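Annotated features, as they stand in TrEMBL:
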- 31-38, 150-153, VAL179, 187-190: ATP binding site (BINDING)
- HIS38: active site, proton donor (ACT_SITE)
- GLN62: beta-alanine binding site (BINDING)
- GLN62, GLN156: (R)-pantoate binding site (BINDING)
Amino acid sequence: MIETVTDLARLRAIVAGWKRDGLRVGFVPTMGNLHAGHYSLVKLARQHADRIVSSVFVNPTQFGPNEDFTRYPRTPEADTTGLEQAGCDVLWLPTVESMYPFGVGLAANVHVPGVSALLEGAFRPGHFDGVCTVVSRLFNQVQPDVAAFGRKDYQQLAVIRQMVTDLAFPIEILGGEIVREGDGLAMSSRNQYLTAEIRPQATVIRRVLLAMREAYLAGATREQVEADGAAQLEAAGFQVDYAVVRLPDLGEPGNSHDGARVALVAAKLGSTRLIDNVEF
Ligand code: PAF
């Protein structure tokens with residue numbers, strides 16, 4: 001049976017007991033409204049740990065003033081059942097007050113320079129500060145040996161890896177594969193904001209990413225690939241924030257096409273902002 005914990009002392013006692021028994025602790029942080037993508041992270045963490053903690057916390061500090069914090073979908077009962085079925089042992093449910101004891105305005109802020117400022121960081125100022133601020137607290141609360149994050153949030157994973165190295169958290173970070181709907185749309189809690197009318201259009205993102213990969217591998221310049229990707233998305237009704245090809249560390253590639261790359265897109269369809277990427 002999964003145990004739901006709302007008290008930090010209880011969480012610490014459980015984890016300390018596991019560690020005394022020599023067990024490896026895995027962690028999957030989430031904002032709830034869970035889907036198969038999250039459950040795949042629990043299963044991934046399970047392959048690297050003996051016990052799993054997952055948190056559900058809709059973190060106010062990572063939402064911009066005009067973003068969807070108050071309407072972010074909350075489905076606690078389904079989340080608990082799904083986590084249990086996926087193999088989670090403890091569901092950690094911090095309150096805003098316990099996460100930010102001095103209030104959000106006085107919270108010690110964790111800022112990871114460089115990678116946080118690119119792409120998402122440019123369109124969502126302060127977003128990664130909020131993510132790092134909450135994830136560092138969650139790491140201190142849970143004290144896992146290993147933690148799993150989805151590769152759909154490619155830049156988030158890169159920012160967290162940098163934070164973990166820089167702040168010397170003794171935690172192994174795993175990146176879980178993107179889980180997709182049957183038609184290729186990357187699973188996301190925000191997909192449910194798409195109206196039935198525009199939902200079919202959302203699959204264009206994946207098709208454009210694959211076309212960007214194909215064109216780049218066939219020798220097209222990065223500038224051409226990016227311009228064509230953005231044009232295809234706009235033609236399909238998206239408002240494009242970016243459609244880019246980057247090095248794995250999100251730096252800009254030079255003229256050489258050698259080595260690993262990632263194509264990333266962020267674009268709005270109606271009022272819903274979607275992100276996706278393809279690594280190659
Ligand atoms: O990816 C998410 O759901 C969130 O950014 C995270 C990592 C749980 C931090 O709030």
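Glycine too: its Cβ is placed from the backbone N, Cα and C atoms.
All TrEMBL annotations are machine predictions without curation.
Here the features listed in TrEMBL are placed on the structure.
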residue: MET31; record: ATP binding site; Cβ within 10 Å: 19
residue: LEU34; record: ATP binding site; Cβ within 10 Å: 25
residue: GLY37; record: ATP binding site; Cβ within 10 Å: 20
residue: HIS38; record: active site, proton donor; Cβ within 10 Å: 28
residue: GLN62; record: beta-alanine binding site; Cβ within 10 Å: 21
residue: ARG151; record: ATP binding site; Cβ within 10 Å: 18
residue: GLN156; record: (R)-pantoate binding site; Cβ within 10 Å: 22
residue: VAL179; record: ATP binding site; Cβ within 10 Å: 18
residue: SER189; record: ATP binding site; Cβ within 10 Å: 19
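Taken residue by residue with DSSP, MET31 (ATP binding site) is part of neither helix nor strand, so it is coil. In this structure, the recorded positions that sit close to ligand 1, with a C-beta under 6 angstroms from any of its atoms, are MET31, chosen from MET31, LEU34, GLY37, HIS38, SER189. According to DSSP, the residue listed as 'beta-alanine binding site' is assigned to a helical segment.
Using a 10 Å Cα-Cα cut-off around the residue listed as 'active site, proton donor', the binding-site residues GLN62, ARG151, GLN156, VAL179 reduce to VAL179. Annotated pair LEU34 (ATP binding site) and GLN156 ((R)-pantoate binding site), C-alpha to C-alpha distance, rounded: 18 Å. On a Cα basis, MET31 (ATP binding site) lies 11 Å away from GLN62 (beta-alanine binding site).
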